[in-house]
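If you check TrEMBL, you get these features:
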- 7-165: domain 'Peptidase M28' (DOMAIN)
- 190-208: transmembrane segment (TRANSMEM)
- 214-235: transmembrane segment (TRANSMEM)
- 242-268: transmembrane segment (TRANSMEM)
- 274-294: transmembrane segment (TRANSMEM)
Amino acid sequence: AIVSSDSARLETSAIFLLNGGEETYMNAAHGFLTQHPWAEDVTQFVNIESTGSYGPDVVFRSNSDLLLNAYLKAAKSPRANVVFQDIFDLGIMPAETDYAVFAHESAGGAKSRPSVGADTARYGDLPGIDIATMFDSRSYHTALDESKRMPDGCAQNFGDNVMAIVLKASQMMGASDDGGKEEAGAGGSLVYFDVLGVFVIAYPFWVARIVHCVPLALTTALVAAMKIGGVEVPVLEGATTFLLSCVGSMLSPVAFFGLTGLLVQPMAWYGRPYIAAMILVPTSIAGSFMPYVFTWTRQKALQAVASADAPALQNLLVGDSLGS
């Protein structure tokens, strides 16, 4: 499309690296970076990935503010969520892409940078962005993984977004004095998420700290004022119940999932997503409600005990006061 269109103009060179070596632990990307003479000229990269046979393309990792801003400004159907990057940084995602080689990052957020004086352009350590489709993972890398499973417009939408980010990034790099050079890791300073795939909201981390801390400060001040006024506010109990509800909604399905694998059949859900839904959804809902049920029954029991013991407690206190 870039070659055939007069309106699409690249301000910088673009290298298209097509390889089939990602599944063999990304040796093709490593070979390009360490052996190809063009690798020395690369300053930014866009990695096109897939974890499913189709679906909307989603930005799930980036260490480049330039490319992320280019995507947010130019993508026709932007979809992005910084939560995916947090998952990769925590190392709980047992998968990797060519992005790890180009950016010299591995799952878990650890960065093994080259030694001082090493040629970082040939060894990775580049700023970039990772974009992938994620639907229909049950057919991914199986005999069911056929082009006919892709809905109409899926590949076109992916192509439109990739071309948009390449053109916009090229324009931004061409307008900069240093050609868009950016230290790897200097980016990724944005909190971003899309709203139903219509548009993306993004703001710096320092703004996020303020936005997220202000409600906490206001709530603390309000609770303190109410306590000074003599109003009982069970905030700690409510916050604890909510936290336990979040933990329960995650641990319950994991525990039940594990028991299903041990006692019934390992990976019974593979290729049959309805089984996963039958296992995960009810147990997650049950796990989220359990702390609230416990809190409610505990309060009812305390109220019942207090009501039953009130006359005896009153007689005891009055008797002690009169000296009887």
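Quick reminder: no glycine exception, Cβ is built from N, Cα and C everywhere.
Remote same-chain residues near the transmembrane segment (274-294) are listed as 241-242, 244-246, 248-253, 255-257, 260, 268 (criterion: CB distance under 8 Å, separation of at least six residues from the stretch ends). Within the chain carrying the transmembrane segment (242-268), a Cβ under 8 angstroms from the stretch's Cβ atoms is held by residues 275, 279-280, 283-292, all 6 or more beyond its ends.
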